[in-house]
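In TrEMBL this protein carries:
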- 24-264: domain 'NAD/GMP synthase' (DOMAIN)
- Gly46, Ile47, Ser48, Gly49, Gly50, Val51, Asp52, Ser53, Thr159, Lys188, Thr210: ATP binding site (BINDING)
- Asp52, Glu164: Mg(2+) binding site (BINDING)
- Arg139, Lys172, Asp179, His259, Lys260: deamido-NAD(+) binding site (BINDING)
Amino acid sequence: MRELQKVIIEELGVKPHIDPTHEIDRRVEFLADYASNAGVEGFVLGISGGVDSTLAGYLAQQAAETLRNRGTDARFHAMRLPHGVQHDEDDAQLALDFISPDQVHTFNIEKSVTGVDVAYREAFGNRLADYHRGNVKARLRMTVQYAVAGENNALVIGTDHAAESVTGFFTKFGDGGADILPNFTLNKRQVRQILQHLGVDEHIWSKAPTADLLDDTPGQLDETELGITYDEIDDYLEGQHIDDDAAARLERHYLSTRHKRTVPVSLLDDWWKTG
Ligand SMILES: Nc1ncnc2c1ncn2[C@@H]1O[C@H](COP(=O)(O)OP(=O)(O)OC[C@H]2O[C@@H]([n+]3cccc(C(=O)O)c3)[C@H](O)[C@@H]2O)[C@@H](O)[C@H]1O
Ligand SMILES: Nc1ncnc2c1ncn2[C@@H]1O[C@H](COP(=O)(O)OP(=O)(O)OP(=O)(O)O)[C@@H](O)[C@H]1O
Ligand SMILES: [Mg+2]
């Protein structure tokens, strides 16, 4: 195994094989125990229709029910956060049907994004690039989820897992801005494996991942932008040998996004001087 591969697998806590029932139970318990300890009354999470939020949303709903069985009046607030009309809205509805959350709130972020567009043009005289506007969408979704969490004494759930964390393929302080990460340590095929085990519609568990942040290319696949497949990422995280070029590309993504996997850098840090 490559030297850096060992370090990454250790840092992200990935196991080559999982038992879905055990993984579900320990993650639900983690959410419920943490919430009890923090004195909060529930969870907030955007449901996109993608694989990651379908699993995290299911775990959040189970944790809310666990807390209620323990006598705490907890709720899971699932949020639809489309930008205008989402091209795969049907998938988001399928995911919600499966999760069956206590509450569903819909907040369309399009007006807020347009507000940033207008003020940006007034300030700088030009249009914000589609790519950076995509990250504004992710950060506005984070802002809205924190508003709902504040109003309901709840925690914001993040959907980051090992196969996303390793490439830093998330918006810093956008979808990366959250309080608790129930999918962490899993790679992408393990997220799918758990959903399949739970009996989710195949259309959802087998769905190709998309950040879906760009207006110019709606539904652009993550793999297209990353230049590496999730199968390669998953194999690497399971300690398997992958093509040297793919491994090198993956390790470049990992090293260039270390700032996203830590608190803001200060004078007391020196992690950035290596690698
Ligand atoms: N070395 C460094 N040390 C400390 N901070 C550093 C830094 N380099 C950049 N930065 C900061 O980080 C910013 C860039 O990071 P960021 O704003 O995240 O922007 P960036 O990494 O360019 O974009 C986010 C990426 O994730 C993708 N994405 C977004 C959302 C969801 C998903 C998904 O599938 O889940 C994927 C998106 O398509 C894009 O490829 C810079 O503007 C700068 O402020
Ligand atoms: N349109 C949306 N409505 C609600 N939440 C969203 C939306 N788009 C993104 N999110 C939130 O941002 C998170 C990050 O997006 P990401 O694409 O990584 O995950 P996903 O869509 O759940 O799964 P996949 O990676 O398989 O597409 C989502 O899990 C979800 O919580
Ligand atoms: Mg997605």
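Just so you know, glycine gets a Cβ as well, placed from its N, Cα and C.
Keep in mind it's a predicted model, so treat the numbers as computed, not measured.
Features as recorded by TrEMBL, highlighted on the structure.
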residue : record                      : DSSP (3 states)
Gly46   : ATP binding site            : strand
Asp52   : ATP binding site            : helix
Thr159  : ATP binding site            : coil
Glu164  : Mg(2+) binding site         : helix
Lys172  : deamido-NAD(+) binding site : coil
Asp179  : deamido-NAD(+) binding site : coil
Thr210  : ATP binding site            : strand
Lys260  : deamido-NAD(+) binding site : helix
Most crowded position, judged by CB atoms within 10 A, among Asp52, Glu164, Asp179 as binding-site residues:
Glu164
Please classify the secondary structure at Arg139 (deamido-NAD(+) binding site) using three-state DSSP.
helix
Report, in whole Å, the straight Cα-to-Cα distance of Glu164 (Mg(2+) binding site) from Gly46 (ATP binding site).
17
Could you tell me the mean pLDDT over the domain 'NAD/GMP synthase' (24-264), as a whole number?
97
Output: those binding-site residues from Asp179, His259, Lys260 whose CB lies less than 6 Å from an atom of ligand 2, in sequence order; none if no residue fits.
none
Rounded inter-Cα distance in Å - Lys172 (deamido-NAD(+) binding site), Thr159 (ATP binding site):
13
Candidate binding-site residues Arg139, Glu164, Asp179, His259, Lys260, pick with smallest Cα gap to Gly50 (ATP binding site):
Glu164
Of Gly46, Ser48, Thr159, Lys172, His259, binding-site residues neighbouring ligand 1, Cβ under 6 A:
Lys172, His259
